[in-house]
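Everything on this sheet refers to the single structure shown next.
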Amino acid sequence: MEHPTANDNVNLSAYKTNLPLSVLNGKTSSGGFDESDYYQCYGDGSSMTSRPSIAVSGYETLDAPPHYDFYANSQAWGRKRRFRPSLHQLHGNPEDDSRPPVYEETEGDTSEEEDEQKEPPPEPTRFGWVQGVMIRCMLNIWGVILYLRLPWITAQAGIGMTWVIILLSSTITGITGLSTSAIATNGKVKGGGTYFLISRSLGPELGGSIGLIFAFANAVAVAMHTVGFAETVTDLMREHGAVMVDKTNDIRIIGIITVTLLLGISMAGMAWESKAQILFFLVIMVSFASYIVGTIMPASLEKQAKGFFSYNAGIFAANFVPNWRGPEGSFFGMFSIFFPSATGILAGANISGDLKNPTIAIPRGTLLAIFWTTFSYLVISATVGSCVVRDASGSLNDTLLPSTSMDSCVGLACQYGWDFTECINNKTCTYGISNYYQSLSMVSAFAPLITAGIFGATLSSALACLVSAPKVFQCLCKDHLYPLIGFFGKGYGKNDEPLRAYLLTYIIAACFVIIAELNAIAPIISNFYLCSYSLINFSCFHASITNSPGWRPSFRFYSKWLSLLCAIICVVIMFLLTWWAALIAIGVVVFLLGYTLYKKPDVNWGSSLQASSYNLALNHCVGLNLVEDHVKNYRPQCLVLTGPPSSRPALLDLVNCFTKNLSMMMCGNVVTADSSPSTLEKASSNSHISWLNQRKIKSFYRGVVASDLRCGVNMLLQGAGLGRIKPNVLLMGFKKDWRSDPSLATHNYIEILHDAFDLQYGVCVLRMKEGLDVSNPPQSHVNQGFDEGQNNINTISPASLIRTSTASSVTVDLEPQLTTVFQKKQGKKTIDVYWLCDDGGLTLLLPYLLTRRKRWARCKVRVFVGGEADKKDEQKEEVLSLIKRFRLGFQDVEVISDIYQNPQPVNVHHFENMIGRFRVDTNPKQDSDSDPTRQQEAPWMITKQDLERNMAKSLRQIRLNEVLLDYSRDAALIVITMPVGRRDGCPSSLYLAWLDVLSRDLRAPVLMVRGNQESVLTFYCQ
């Protein structure tokens, strides 16, 4: 096939990919799913080699057009899921038969034959926005307060102030509805309602606490609404002389029976529960119609005696202004009574898993429910305030007599022929909207319909709460944020009904029904609802303010500042309603929040808190660019060459003692291999981070792929860090096998030290008698240049292997956690510091940081310095004075005068044998001529001139080892200034021999330290 060019008249259809029909349709062939078809479509290299007649060029592309399957987490029934080709498949070598890891997972891998034998899964019952959200929210908002308290609130606050109370309450719920709509349209919403929305937005910490208390509040609300129903039934029974036991026990009996019947309706399925809700809705609508008709009908004498005179402008004008009465007679008193009747806007969102399209149903249904219920409240308050006077006696004998003058008649009813002066003056009126809670029944055309409306409102609210609580609790249980509740998360049937959670809700509701007096607990429930509203609004604000690219709600009619204002108002209202209940609600939230923060559940929902953390970290990092470095703020920020972190736990544990809660630690891993998906996976696998987190080490991890170890370390030295948060100290293990390893590996090891010095790094090398590397057997990608010791001192802790998921969604096993000597308490041992050369103070600073840890706190720090025998006291005082100025707290200083003596001949002989393999025997003339060539071809080889030039340093290291063996045989840790060899004047093998002979045969770990010759300690305050 020729390549089409821009100048050719090309028929594009001639170059169309001949894709298998089964792949294009997302279906399998009769013989089952053909894997070759998949790779022909999506570009596996091996499949392309099997099609030599088709060129991978021109319009024969492996790229796939956009498709829903590429972004979905699940697969549709009846067809295979499609996959996006990986980047390796698109740009890798077609001849490479290795298949890269699959980055998307399927939720099923059954063949077509199995699919044909199976019936499609039963479709669960799903509701639209009217039946699933709007009607459900309206029923939950309407309650007993509408029928029994709204006329009384109108009498107290007047029509004008009552409208203010209604509109203020509706504004709060309306803004919360807008915030809920924004959150619900920012991605696919599953079951869990309020808990799901808050937890996926703010994270598991706040979401889990709100989910638990919201589910509990709904369970108790079932009892509240049921008791309201039972009290109404009991009053009706007592009016007709029917009493079972007494009033309290009658309420308990009727309440338990009612809750049991509601439980049966709920457990029968969402379809039956929805039908019951529609029935209650129709009953309430009929009661409203009966009330409206009653206001239009002419008033009978009985109704006039009770204060009803039909629509009248004078009554409207008199009832428009407030008339506060009693201890609750204030604006906030009336607001606290009315506001719970405006709640219930989350009833639709709480069954989000049972909605056909939650992202459409929740905004539309919730906002329309708020609108229509607000409208009904306004209409009822205005109509009842226009028809009924505040005070009436109810007596037909209180008509205005002709002999009675209008001046002596008190009350608005005097204008309509009634005289209620006596009961008004004596405050004994039993009717009128200020005194008679059943005013709507009195006004209604048929009073029993209002009673039926009360029944419908209470039972529908109880049923809605009985359904909401288990749905929210089930989602919370499935997330495993709290212990001992997972048992209740199991679902049954096609709708995944939480039957166990239903029974738990029933038990809680029954317990509170038995109490039969919920006046004390009711404010707590209202505060729990307000707490939820506050967090929903804050979630919307927080998600907007973080400017996360993932915050893209399709519902645009919201304001982040209005959401913040509403969140604050909700908290204020909590304290205005009942301050002690607000404290309880906030206390429960804080307690559950603290528990979740302590446990740190392993979930990742892309919350706005994560986005906020990123913004804060980014802003602070950028802000550090404006701050100049100061020696007082110096912190050892360590780049630790660990290879895979699990291979050198002792090195990590020691560095963690320096940096924990103090400075940065970054683990570096160099994978020496050609770049491929598998090697990149080894370098960047999340299993390394998981291992560090399991060990509770606060460290970054950076893996690179390079051709050799030195190049990889150079990448890390120059590229690690961000702004001023970057490493300044390099730590690595000592290379014990340098004499048996290839000479080039030894040279590269020393060149890493030179590269670090060139880049102004401090350098530390740790040597332990038993070695550092515990990887067994050594893996090909382990940095062999760091250490090759055994794991004699390390023991496997009781923690078993833990499974984790890597970036490629492949489950792997973490390496076992090993206990090292640096994790144990050191007791009353010594930390011996050999401050032989001034490197800026890093040699002193690191031991000081160690002693700030509990496990090293009891260790005594001894500082050894070199000196002359006749000036020991003067030199000791001088060093002590300097250390005192540094405020390090080291009191034990010892001057070693025999440090400059010659070493023992046997040790010198051992050193000569150590470097014997790298010696070059040449005569002086030949050596001087060939020295540049030798340095280029074999820079690790040692000539006689090299030995003579560095003889003093060599003997010094041998003698230092003898001193260490004499003075520090029982130390917990030896810290010694590391010698520095010139890059061109000291062969790499000779330099490594110095480090080897300096630290050999010592029982204690040896940390060789060399700062970058810049001060890290100061005794000035500025």
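Each residue, glycine too, has its Cβ placed from N, Cα and C.
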Residues flagged as transmembrane segment in TrEMBL, choosing from 361-380, 961-980: 361-380
Transmembrane segment according to TrEMBL, located in which of 557-574, 989-1006: 557-574
Range from 127-148, 160-186, 278-296, 331-349, 445-469 with the greatest count of C-beta pairs under 8 A to the transmembrane segment (251-272): 445-469
Tally of DSSP helical, extended and coil residues in the domain 'SLC12A transporter C-terminal' (648-784): 55 helix, 28 strand, 54 coil
Long-range neighbours of the transmembrane segment (127-148), counting only residues six or more past its ends (CB under 8 A): 225, 228, 270, 274, 277-278, 280-281, 284, 337-338, 340-349, 351, 354-357, 360-362, 364-366, 368-370, 372-373, 376-377, 380, 437-438, 440-441, 450, 453-454, 456-458, 460-461, 464-465
Per-residue pLDDT averaged over the domain 'SLC12A transporter C-terminal' (648-784), given as an integer: 87
Long-range neighbours of the transmembrane segment (557-574), counting only residues six or more past its ends (CB under 8 A): 171-172, 175-176, 178-179, 181-182, 335, 339, 527, 530-531, 533-535, 537-538, 540-541, 544-545, 581-582, 585-586
Candidates 160-186, 206-230, 331-349, 527-545; stretch with most C-beta pairs under 8 Å toward the transmembrane segment (445-469): 206-230
Other parts of the chain folded back onto the transmembrane segment (278-296), taken as Cβ under 8 Å at six or more residues beyond its ends: 131, 135, 138-139, 142, 310-311, 376, 380, 383-384, 386-387, 440, 443-446, 449-450, 452-453, 455-457, 459-460, 463
Top Cβ-contact partner of the transmembrane segment (331-349) among 160-186, 206-230, 527-545 (pairs under 8 Å): 160-186
